[in-house]
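Quick notes on the structure that follows.
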Amino acid sequence: MSNDGSKILNYTPVSKIDEIVEISRNFFFEKQLKLSHENNPRKKDLEFRQLQLKKLYYAVKDHEEELIDAMYKDFHRNKIESVLNETTKLMNDILHLIEILPKLIKPRRVSDSSPPFMFGKTIVEKISRGSVLIIAPFNFPLLLAFAPLAAALAAGNTIVLKPSELTPHTAVVMENLLTTAGFPDGLIQVVQGAIDETTRLLDCGKFDLIFYTGSPRVGSIVAEKAAKSLTPCVLELGGKSPTFITENFKASNIKIALKRIFFGAFGNSGQICVSPDYLLVHKSIYPKVIKECESVLNEFYPSFDEQTDFTRMIHEPAYKKAVASINSTNGSKIVPSKISINSDTEDLCLVPPTIVYNIGWDDPLMKQENFAPVLPIIEYEDLDETINKIIEEHDTPLVQYIFSDSQTEINRILTRLRSGDCVVGDTVIHVGITDAPFGGIGTSGYGNYGGYYGFNTFSHERTIFKQPYWNDFTLFMRYPPNSAQKEKLVRFAMERKPWFDRNGNNKWGLRQYFSLSAAVILISTIYAHCSS
């Protein structure tokens, strides 16, 4: 199985990339110029943005089967998995953005009762950032390209999209549908290619935001290059996401828990940034969990061969890395009992789902993110010591999963272990929540997106304050000449008083309720006296 993108894709000439970026920037400024001459720019902009999102929706809808077929060609992903995790999720996201966009684009009123601002009007509006770069990964080549693209469109930006060259069939279909969807020329530009093309995009320094999804290693390169031009970036990375089955988990629910864990660990052949990377099981329930693993695995995969609907590793290097990791472990292994692979598995890039147990923290599988269909299981005794080990070895995972019937245990884990997200009682499924933020913390990335949060990510919040001219009687003390009397007035009118003492205890008094009104009266009196 070979995914050499250069044999299928027409890579964008590096010499043309600067021109493409300039087209994107120019279209944004021309669009804003036209809007500025409208009687109601915000209303016109809303109509434009919603129209583009509607075009994107039908482009995906009309090409859904073609996209699913392309993903199958790229890495043998079965149709149900692509429908569940890519096309349906994406179309729902687009429809949700269209629906909530009128509310999102509406400015927010802010109030401040202190004298300089009490008669003015303060609003916070969300404006487009400008031209943005989206660099998409291979593991969900459609969703992780078009979901941020939809958010960027909703926020009124122009976009340069760099699909993954490792899923070339999907990249071709995505470019074709974007080209034929009826978008204005310059609104969405596609750059096809690999390292050279991506490097040129990052080096141009002309973007207003860079949105990257991928590995922490490349993410650090993206951040470093973005910093040179002070370009903000969002990094959606990964890491070793732990899963807990705690002491106080009902044994009767072990099978359900394992089904949900295996769904996340082996779906997409483990090539998911939020896959359960390893499983931590309390010693009291460990034997029952291990015993049930084989049963659930065989229920999922009653037979396993080259015809099985199981996603392949993306290319031979990923396959070889996964096999080497599995071969290097010192643990015991559980695989589907009826494996029959007659073809060359290296050519197929097919790695069977593998559970590894009887291992410790020093096992090779515990050194870095596996990103393969392998699930190491570690037995633990003390929860606090286990959390200490996670913090020491693999702090700030993208997500943590907890299977426990004790809120005390859940609180202990949540309070101590930082993570981008957390799911209690399931795995992976949280990424499908339409209007919840998805993103990492620390080494698993920064920034987030998803519905409202995606719109915010691709927008800039701008404060607009409008001051009337008739209220100068509340502002005169800021003008020269200065005096001790004005200083006292400023302090009395502007300086808030604490409602707590030096020990942090709250104190009660009427002053905080009446000081503002008294200040306004005093200012008016002094102003009248000074003017006479």
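Including glycine, each Cβ sits where the backbone N, Cα and C put it.
The candidates are Ser111, Ser483; Swiss-Prot tags Ser111 with the feature phosphoserine. Cα-Cα distance from Glu236 (active site) to Gly214 (NAD(+) binding site): 6 Å (rounded to the nearest whole number). In the shown protein chains, 28 other C-beta atoms lie within 10 A of the C-beta of Cys273 (active site). The Cβ centroid of Gly214, Ser215, Pro216, Arg217, Val218, Gly219 marks the NAD(+) site; residues of that chain outside this set whose Cβ lies within 8 Å of it are Tyr212, Ser220, Ile221, Val222, Leu237, Gly238, given in sequence order. Cβ neighbour count for Arg217 (NAD(+) binding site) (all protein chains, 10 Å cutoff from its Cβ): 8. Pro216 (NAD(+) binding site) sits 11 Å from Cys273 (active site), taking the C-alpha atoms as the reference points.
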